[in-house]
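A.B. asks: Here you go, one structure.
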Ligand SMILES: Nc1ncnc2c1ncn2[C@@H]1O[C@H](COP(=O)(O)OP(=O)(O)OP(=O)(O)O)[C@@H](O)[C@H]1O
Ligand SMILES: C[C@H](N)[C@H](N)CCCCCC(=O)O
Ligand SMILES: [Mg+2]
C-alpha cells in the first residue's frame, strides 16, 4: 500500500502542481514507484477530443509514469470552483468514486501524490469541501505557500483550519523562494514555522525555465543538492 500525501495550498496558483511534481521526481530519482492523482480538475483542456488535466500531466512527468483514468476521475471544463464546474455539466462529485480510484492506485505504487484544487476550503459538492476529501481519503496534508506578503495569514488560516477539522498537517512548503529574499520573504518561513504549529518542510526555490516541466526539473536539481531534502521527504511520509 502506497504512502500518500495530499498536497494543498494557501490558494490557487501558489505552486501545488510544481511542488507535487517535484516531490514525485525526487522520489523517483531515489528509485521509488510513484503514482499521482488529481481527483478533481476544474479548467481541464481538450486534446484530440479527450479531456486532459495539465496538472496531472505535470505530476506524471515527475513520477515518470503514464496517466490512467484513475489518476483523474473528475475532469471538468470550467475553470471555476469545482462544485460549480460540476454543476454546469450535471455531474456530482462522488467521494466514493475517488476513493476507489485512490485505492487501486495505492495498491500499485510505493508513494502516491494527490493534488487538491485551489485551497483547502474549496467547495466540491453539496457543502463538502476539499478538506473533507483529504479526510475521506485518510491522507495527511502538506500546504504549499507563497513567500510574499500575506502568506503568514493565509498559511496560518490553512493549518489552523486543517487541524480543527482533524486533518494531520505534515507541514508547509514555502514555494518560489527568491534567490535574494527581501525582508518579507526573509521573515516568512520563520514566522510560519514558529506560529503555524506545523513543520517547515522546505523552501522550494523560484527558478527560471521555459515551461513547467523545466521548472520542476530545475527545482528538483536544486533540492537534491541540499541535505534538508531527505529530511523533508522523511517527515512528509514518515
Ligand atoms: N518554484 C517555482 N519557480 C518558478 N515558477 C513557479 C514555481 N512554482 C510555481 N511557479 C509558477 O506558478 C505557476 C502556478 O503554479 P502551479 O500550477 O503549480 O499552481 P497550483 O497551485 O497548482 O495552481 P492550481 O490551483 O491551478 O492547481 C506555474 O505555472 C509557474 O509558472
Ligand atoms: C481554476 C483553478 N485553476 C482551480 N482549478 C480551481 C480553483 C478554485 C478556487 C475557488 C475559490 O477558492 O474561490
Ligand atoms: Mg495545480
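Every residue, even glycine, has its Cβ placed from backbone N, Cα and C.
Annotations in TrEMBL come from automatic prediction, not curation.
OK, TrEMBL features for this one:
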| type | residues | note |
| --- | --- | --- |
| BINDING | 13-18, 55, 115-118, 175-176, 205-207, 210 | ATP binding site |
| BINDING | 17, 55, 115 | Mg(2+) binding site |
| ACT_SITE | 38 | active site |
| BINDING | 42 | substrate binding site |
A.B. asks: Could you check which of the recorded positions 17, 38, 42, 115 is the closest Cα neighbour of residue 207 (ATP binding site)?
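C.D. replies: Out of the listed candidates, the nearest Cα belongs to 17.
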A.B. asks: Enter the number of other CB atoms within 10 angstroms of the CB of residue 38 (active site).
C.D. replies: 29
A.B. asks: Using a 6 Å cut-off on Cβ distance, which of the binding-site residues 17, 42, 55, 115, 117, 176 come close to any atom of ligand 2?
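C.D. replies: The qualifying binding-site residues are 42, 117.
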A.B. asks: So which one is it: of the binding-site residues 16, 176, which has the fewest other Cβ atoms within 10 Å?
C.D. replies: 176
A.B. asks: To which of the binding-site residues 117, 207 does the lowest count of other Cβ atoms within 10 Å belong?
C.D. replies: 207
A.B. asks: So which of 17, 38, 55, listed as recorded positions, have a Cβ under 6 Å from an atom of ligand 1?
C.D. replies: 17, 55
A.B. asks: Let's check the environment of residue 17 (Mg(2+) binding site): how many other CB atoms sit within 10 Å of its CB?
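C.D. replies: There are 25 such Cβ atoms around residue 17 (Mg(2+) binding site).
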A.B. asks: Find the shortest Cα-Cα separation between residue 42 (substrate binding site) and the binding-site residues 16, 55, 115, 117, 176, and name the residue that gives it.
C.D. replies: 117
A.B. asks: How big is the gap, in Å, between the Cα of residue 115 (Mg(2+) binding site) and that of residue 16 (ATP binding site), rounded to a whole number?
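C.D. replies: Each residue's Cα considered, residue 115 (Mg(2+) binding site) and residue 16 (ATP binding site) end up 7 Å apart.
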